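Notes to accompany the following structure.
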Amino acid sequence: MREPEFWRRRSLLSLLLMPLAALYGAIAASRMRKPGRSIAVPVICVGNYHGGGAGKTPTTLTLVALLRELDETPVVLSRGYGGSLNGPVEVDPDRHSAAEVGDEPLMMARSVPVVVAKDRVAGATLAMSRRASVIVMDDGFQNPALAKDVSLIVIDARRGIGNGRVIPSGPLRAPLPLQCERTDALLIIGAGSAADPVAARLKSKGVPTLRGHLAPDPACVEALRGRAVLAFAGIGDPERFFATLRASGIEVAAERPFPDHHPYSGDDVAALLDRARRDGLTLVTTEKDLARLGDQPQLAEAGLTALPVTLALEDEAGFRRFVIAQLGAARDRRFRGNRR
């Protein structure tokens, strides 16, 4: 689904939906306040305040890489949005498809252990049976089932939190004050000032703000330079992907945005191939979209390129110190709890 335009700014339609937003917000707040199940290992949640893309997946992968450097054994836990399997199941990229486990888990499972489960407690149990020393939740900030030791919230610097209102009046999944109360750190990705008011609000509560940007793979960028491309993406913020291509010096001759987690049909693929062949364009998409496209020989023959992106942090040492401190505090709480 593409988010409505009125979610980005306050408008009459947004105002008219406020009564429904108040009801939705009250239900969401009541749900968030429920105590979650505590487990034997620390749980770090990478989430956001709103629906749509913000950069959670690259953040999750960066966090996992850091945890491995710290001699931890991280396992990613996801609900597998868009997948048919309830789980819990460990994702096998050679056996599973995006239709079964979701595009993000399938993409991440190529480099990190990933468990998919609609029941997050059951998923955490499976992750611990795989000797996880830390569980990294990809999304699930508003879900109360599993108690979280650390909540790292990711916000896009250009989009911020839209009009700051709750669904359906705006993009927020729950009232902002409650979400801020449960935030341990804020990560702002990209250039822009739309997230600054949230950062200021959290700073007043002593919550640190980190900053970073998404960096495309240099070798892939170099290979695409000098070519005109047809860029397509079915992610939370396709425009950010198109902007990343342009900022890298790639000529984007045509754009085709799709809804987030869009299941590509044969007609979609045929239309993309026809346009690319007609205008002499190279097809470029995201790694998430490539996971959903699956095995499409005609796309491979046409030279489809998926552009890998990674999170580049402005203060890697600060991020490292934050994670080490939070893990230490989480384990200390468990030690003190076991002594009672």
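Placement of Cβ uses the backbone N, Cα and C atoms for every residue, glycine included.
Listed in Swiss-Prot:
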BINDING   HIS50, GLY51, GLY52, GLY53, ALA54, GLY55, LYS56, THR57  ATP binding site
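Distribution of Swiss-Prot features across the structure.
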| residue | record | Cβ contacts under 8 Å, 6 or more apart |
| --- | --- | --- |
| HIS50 | ATP binding site | ILE161, GLY162, GLY170, PRO171, LEU172, ARG173 |
| GLY51 | ATP binding site | GLU3, ILE167, PRO171, ARG173, GLY236 |
| GLY52 | ATP binding site | GLU3, ARG159, PRO171, GLY236, ASP237, ASP260 |
| GLY53 | ATP binding site | ASP156, ILE235, GLY236, ASP237, ARG240, ASP260 |
| ALA54 | ATP binding site | ASN48, VAL154, ILE155, ASP156, ARG159, ILE189, GLY236, ASP237 |
| GLY55 | ATP binding site | VAL154, ASP156, LEU187, ILE189, GLY190, LEU214, LEU311 |
| LYS56 | ATP binding site | VAL46, GLY47, ASN48, ASP138, ASP139, VAL154 |
| THR57 | ATP binding site | GLU104, MET107, MET108, ASP138, LYS288 |
